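Here is the structure we will look at.
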Amino acid sequence: SNTELIKKLAGAWKELPASQKQVYEEAKKTDWKRYGEQMAAYKAQLTPAQAAALKEERRKQLAKRRSIRAKRELNLLGKPKRARSGFNIFLSENFQESEGNSPVAKLKKLFDTWQKMSASQKQPYLQLAEDDKVRYENEMKSWEAKMIELGREDLVRAKKQRLKKKPAETAKQTETAKAKASSSGKKAKLKKSEE
């Protein structure tokens, strides 16, 4: 297989003496230089819009790569799987038996079935979802405590404490916003009348 072949090649490379590696290193340098020249010529022919699009595409690729690495790291650290919704539980239980030629057709059929179900029919799945939510929260608390012990506070969810505004404060803010809007409207009318 490819992985075995790569492992054998890597082992052979490690065993090569530095004098024999030098030939390959020189070839790499010349190829890299040629690539740099070709890339510079390619970029010189691009319009500013194309260059910006190319830069944006590169940025998106790097962001995607970073997110994949971050997810992989979380999996290696044993982060618990998220809680499933009632619909997800319904899907997993009924997907194999559902009618349809393709997975997409099966999903559509099951979604229609879920939409037509009454609240009492959905209740067992929703209850299982609530239980799974409790499981997830408990596992996350223990996982986060473990991450703090390991010194990885950056992986712990932020505790966002939203301050609930009092109704009187909210009313005052609304009044001041209206007053500012009406005063700016009056200024605009004055300017028009002066002209």
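Using the three backbone atoms N, Cα and C, a Cβ is placed for every residue, glycine included.
Because TrEMBL annotations are produced automatically, they should be read as predictions rather than curated entries.
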Range annotated as coiled coil - as stated in TrEMBL, picked from 42-69, 126-153:
126-153
Should anything in the same chain at least six residues away from the DNA-binding region (1-43) have a Cβ under 8 Å from its Cβ atoms, list it; otherwise answer none.
51
